[in-house]
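Before I ask anything, let me first share the structure, which is written out below as structure tokens.
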Amino acid sequence: MSASAQMTRVRAIQWARQSIDRLDARLLLQFASECSANALIADPDVVLEEAQWTRFQSLVQRRAGGEPLAYLVGEAGFYGALLAVTPDVLVPRPETEELVDWALDVLRDQPAPTIADLGTGSGAIALTLARARPDARVMAVDVSSAALSVAQLNQQRLGCANVALIHASWYDGWQAADGLDLIISNPPYIPADDPHLSGDGVRFEPRLALTDEADGLDAYRAIAAGAVARLKPGGWLLVEHGHDQGAAVASLWLQAGLVDVRGRLDLSGNPRMTGGQKPARSA
Ligand code: GLN
């Protein structure tokens, strides 16, 4: 289908529905024709311009081929904010909002906390914490300079002056003078041989952010190894992980000398987060 003579908004959506989800079709049409959700509902019979129809068809085809909606429209919602995303960063996921909730819980009684987000990507975790806690100082660390550019754009958009972007692999070459109250991370944790890597959506995401090219635990080993030296007494290490990695991550946390090690379920009931604390005073 390519003629646009009488291609109205409603007919365009009907065409797209043959290959993609209804909500995605609506969002892509809004994006391709620069119209609001309200306008789409109020005026379904508006005829698309030729260029809008062409753009919409191409977006629908890409979505039908598995490209994440967030990459097609260049943004994604996270914790009530709209973040810029590109194929240089993971698409922020709802489970990660729950990791942020946990972090806000553990920091509740800690004034002016110092936080490091390791592998920040779009900056989703770091910027959300910085917004929720304007008294915090947040270090957003990533080894990918392309990812840091996206995080920087988001920092500017959201106006978070209390975030420092750091180009580094995990802890290499930077330090927080007085120690950290929280180390938080959603690192690459998919094992290299997991078919999920070539699955719908995921295969368009940056491999560096998804897998360690090994057993899926390398990032946790590196993060655990450096944590106790950098945390303040009583400081927390909280991470997201795969549904079957909780026991392995917990044992790395214990080996590293963390205490009060515990997992947390996501809203779907899967064990997707593990945390532990540096002992309150060294024995
Ligand atoms: N949650 C992502 C997925 O399963 C993976 C994110 C990650 O590796 N940090 O698709």
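Cβ atoms are placed via backbone N, Cα and C, with glycine included.
Quick caveat, the model's predicted, so the values are computed rather than measured.
Relevant sequence annotations retrieved from TrEMBL are reproduced here:
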BINDING   Gly119, Thr120, Gly121, Ser122, Gly123, Asp142, Trp170, Asn186  S-adenosyl-L-methionine binding site
BINDING   Asn186, Pro187, Pro188, Tyr189  substrate binding site
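I'm curious about the neighbourhood of these features; can you describe it?
In sequence order, Ala126, Ala140, Val141, Asp142, Ala147, Leu148, Ala151, Leu165 are the residues near Thr120 (S-adenosyl-L-methionine binding site), counting only same-chain partners six or more apart with C-beta under 8 A. Look at Thr120 (S-adenosyl-L-methionine binding site): DSSP puts it in coil.
Secondary structure at Asn186 (S-adenosyl-L-methionine binding site), taken from DSSP and collapsed to helix, strand or coil, is coil. Neighbour density for Asn186 (S-adenosyl-L-methionine binding site): within 10 A of its CB lie 27 other CB atoms from the protein chains shown.
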Which binding-site residues among Thr120, Gly121, Ser122 have CB under 6 Å of ligand 1?
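Not one meets the Cβ criterion.
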Same-chain residues six or more away whose CB lies under 8 A from the CB of Gly123 (S-adenosyl-L-methionine binding site)?
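Looking at Cβ-Cβ distances below 8 Å from Gly123 (S-adenosyl-L-methionine binding site), excluding near sequence neighbours, one finds Leu83, Asp117, Ala140, Val150, Ala151, Gln152, Asn154, Gln155, Val163, Leu165.
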For Pro187 (substrate binding site) and Gly121 (S-adenosyl-L-methionine binding site), determine the Cα separation and express it in whole Å.
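With the alpha carbons as reference points, the distance is 9 Å.
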Among the binding-site residues Trp170, Tyr189, which residue has the largest number of other Cβ atoms within 10 Å of its own Cβ?
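Counting Cβ neighbours within 10 Å, the top one is Tyr189.
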Considering the binding-site residues Gly119, Gly121, Pro187, Pro188, which residue's Cβ sits among the greatest number of other Cβ atoms within 10 Å?
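Within the set of binding-site residues, the most crowded position is Gly121.
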